[in-house]
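> TrEMBL lists these features:
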DOMAIN    B:71-253  domain 'ABC transmembrane type-1'
TRANSMEM  B:12-38  transmembrane segment
TRANSMEM  B:79-97  transmembrane segment
TRANSMEM  B:109-131  transmembrane segment
TRANSMEM  B:137-156  transmembrane segment
TRANSMEM  B:181-202  transmembrane segment
TRANSMEM  B:233-252  transmembrane segment
Amino acid sequence: MNALHVRHLHHRFGLQEVLHDVGFDLFAGQSLALVGPSGCGKSTLLQAVAGLLEPSRMVMQNDFRGLGYMFQQPNLMPWLTARDNLALGLKALGVPKPARQRQADSLGQRLGLALDDLDKYPHQLSGGMQSRISLGRALAVSPDLLLLDEPFSALDVGLKLELYALLREQIAQRGCAVLLITHDLMEAVRLADRILLMAPEPGRVVREFELTLPQAERSEAWIHQTTGQLMENTEVRIAFGLQAGTLAIAESHDHGATHTGCKV
Amino acid sequence: MKGPWYRVQSALAAILTYLWSGWGAIASLLLFCALWEWGAQLNGPLVLPGPQATLAQLWHMLDSGLAQPELIISTRRTLQGLGASLLIGSALGLLAGRSLTAAMLSRPLITLLLGMPPIAWLVLAMLWFGMGDTTPVFTVFIACFPIVFAGAMQGARTLDNQLRRVAQAYRLPWRMQLTDLYLPHVMSYLIPAWITALGTSWKVVVMAELLSTTDGVGAALAVSRSQLDTASSLAWVVAVLALLLAAEYLLLEPLKRRVERWRLETEQ
Amino acid sequence: MSWQARLEALLQCGYRPFFLLSAASACCLMLFWLTLLNGWINWQPPGGMVLWHVHELLFGFAGAAIAGFLLTAVPEFTETANLPRTVLVRLALLWLLARVLYLLSPFWPASLALLPVALVNLLFWLLLLWHLLPRLWQHAGRMHLSFAWVVASLALLQLASLLANSLGGDPMAWLRAASGVLMMLIVIATRRISVNLVNGLIEEGRPGAPPPINSYLPRPPRSYLALFCIGLCSAVELWLGHNSITGWTALAAAAAMLNVLNDWHIGRALFTRWALLLYAGYWLIALGYAAMGASWLGAPLTTSAGRHLLTSGAAALSILAVMAVVGRIHAGLWLDRRPWLPLCALGLIIAAVLRALAGVPGLPIRALFSAAGLVWAGCFVAYLVAARGGLIAPRADGKTGCAAPLEHNAREGGC
């Protein structure tokens, strides 16, 4: 089975230690959420995994081939039409033009974009449509690992729910692994099979939660209730600064031994 | 599917639309002619011939075959100097923009070069190259170079890091990075710089010729000045301005619109 | 139908009496002018007959059309009540009195000159402004106030012209300026109408009408540039007269009008009779200014050739278009699809071109004058015949007032 294993990930920006001995595993078809407050090094971690950043130290084994990356902002190329933006990754893979345009058109339609809109440039599209294209761009390359860097944090509630549904549908169809980072617990509860809680200064993993209920069976009520339960967890409250206290910094930890899974 | 006939049609329509949108500029030029005519009527034809007299003189100069050779000589010099500065300035500017150190190093030099009056370069060029063809070409080059260099450097410096990450995350090959990331961004800085350089180049070439050569529009202006022939002088000026306007609005502006069509609000 | 019923119908909406007067005066004034030109009648008003011709066509024919348009459009634009009948009657009587007084002017003491005519005309404009200005002023944003400025400047220019005639000046110079203001009014007014007309919004409720489009969107800076150039040209002409400076400003006005046409080049949607009517009017303004500019810069043609492209061409065509549209929609009828309208429009264009050709040296002036005048007057006879229903007949839908057709109202949530 394809998997991503990360161990002993350390990173420093100048004198500041941003990530301290982070490790986790992600297996094909699973979705893993890294949750933590702003500034706990989540984005850095994701960039290290994607190879956009050279960490100070890391042991990584990555069997996944295709990679889809959805950024915090849509980050579309302003000089490419929506269609060409959707097909950017396909073009990089060398898919010939007619084929990639066909794929972009059908993907765009599945994401709720009209053919007219696909001819437009990003600045002519609303924020919601730009986010759809950003999601489409990540899905177009048929990734077996999807990296999501808080892509929904700036969207309104209605749009968020719509994009969650789209995302879940696509993941279910393609069976790709998802690595999601977010500061929104409820988002994590909604989308993830496992949640890793991160704490800042230095950024590290402090706790793992497992959600056993299949995503298709998660109701809104269950999501709210589970999020509420997590919010009452002491470590979560400390990590997000809702409660005074300190969380131990492991000198050097062996993943899986320090945090035993906690079933919710 | 959209056939080739449809493409030809829409291209023709786009060209017509573009040309037709020039009427606003023409209206503005005609208003300027009214102002000019007013000045001419106040000062008399010896001091300031009106637009009609000037155009008639220009027509006469073109008709008698007097103007064309001079215009061609000046145009060639401009294109040589400008072409060199566009090529070298753009290339060096882009390279300088890639490196923070090079940018730091070149910024004060650019300020220096931009601040140097072209007439000073001209004097140096006359000392170095004498009264030949090289002097105006060099002066044009050195006057335009810092403008283009600064534009190119700015373009390369301001590329959005986020977009660079996108290119990296999706493993864009280097050729695609060039065509889909660097060039479209850099062009939106380069083209305005090129347009400014074009305007500068014409001004400088006429000035350089006036002082350093025996042929070209500048030299012809010197002759008409010595003969107190205001109408001919103005006719030469109008000819140069017409060439400049044509180059900008028939060449560079369409190119700019083509390159920057992703910025335009009014695309249907 | 009884006279009372006809009168009742005629006075139910502001455009009705004035479009009737405008079209009727167009025919009468033009035919009378032709008889004067050919010397069949000897009638010498103070200031001469050319002054009469210009003055009456500008302030009689076009003036009535302007009044009719504003009396209908201003209540609609400002969402205020229609004007009461008594006001319409008073205005119409003042307008008629002004025309009659000018005709009688040769028969009173020469010392009075045109002063009575000036007084009655001034009263007409003042009464019109008295009723319209408060609405335009109080409307949110005062976005239609330019109409008031145009009416006020027309009134002032008319007064100046008639006073110049008595006090010793060039009355024609002021009338030429007034023709420039009329062109500005055309640009201002047709811009407001054209958005609804070209995009098909005006007939949105008509069963079987094509769905509205949104491809026509006039850009204000373009028409402001045109208005500025036209205004400047008139001002310079008033100041310097026949001068090449005036010529360059006229050419600038022509170019600015051609620039406005950028708004109109929207592909297939332009090729409807309504769009083409207004579009042709803009072209005529551009050509007229181009011809006048050429004349001022020394081309061998008279200025009046170009001027007639503006007045007998652009102004008459725009007035016909406005009368044909406003006079239907506000009578509760859908737009007129009969062939008389394009034929009349073509007639007006031909008449304007014939009249312009009379300004080119070497062509038979008399014949061209007469042909142009007859075709031109004929077009307005055709309008009177074809559109009489919307002017003097009661509304077919049983309503009264200026409301648009039923379905149209339903869309806007009226009852």
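Backbone N, Cα and C define each Cβ position, glycine as well.
TrEMBL annotations: computationally assigned, not manually curated.
Just so it is clear, the model here is predicted, and its values are computed rather than measured.
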> Same chain only, please: residues at least 6 beyond the ends of the transmembrane segment (B:137-156) with a C-beta under 8 Å from a C-beta of the stretch. Say none if there are none.
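Answer is 77-78, 80-82, 84-86, 88-98, 103, 106, 110, 113-114, 118, 121-122, 125, 128-129, 182, 185-190, 192-194, 196-197, 200-201, 204-205, 207-208.
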> Given a Cβ distance threshold of under 8 angstroms, which distant residues of the chain, six or more beyond its ends, lie next to the transmembrane segment (B:233-252)?
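Residues 22, 25, 48-49, 54-55, 57-58, 61, 67, 71, 74-75, 191, 194-195, 198-199, 202, 206, 217, 220-221, 224-225.
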> Who are the chain neighbours of the transmembrane segment (B:79-97) in space, where the CB to CB distance is under 8 Å and they lie at least 6 residues beyond its ends?
103, 105-106, 136-157, 186, 190, 194, 197-198, 201, 204-205
> Cβ under 8 Å to the transmembrane segment (B:12-38), counting only same-chain residues 6 or more beyond its ends: which ones?
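Non-local partners: 48, 50-52, 249, 254, 257.
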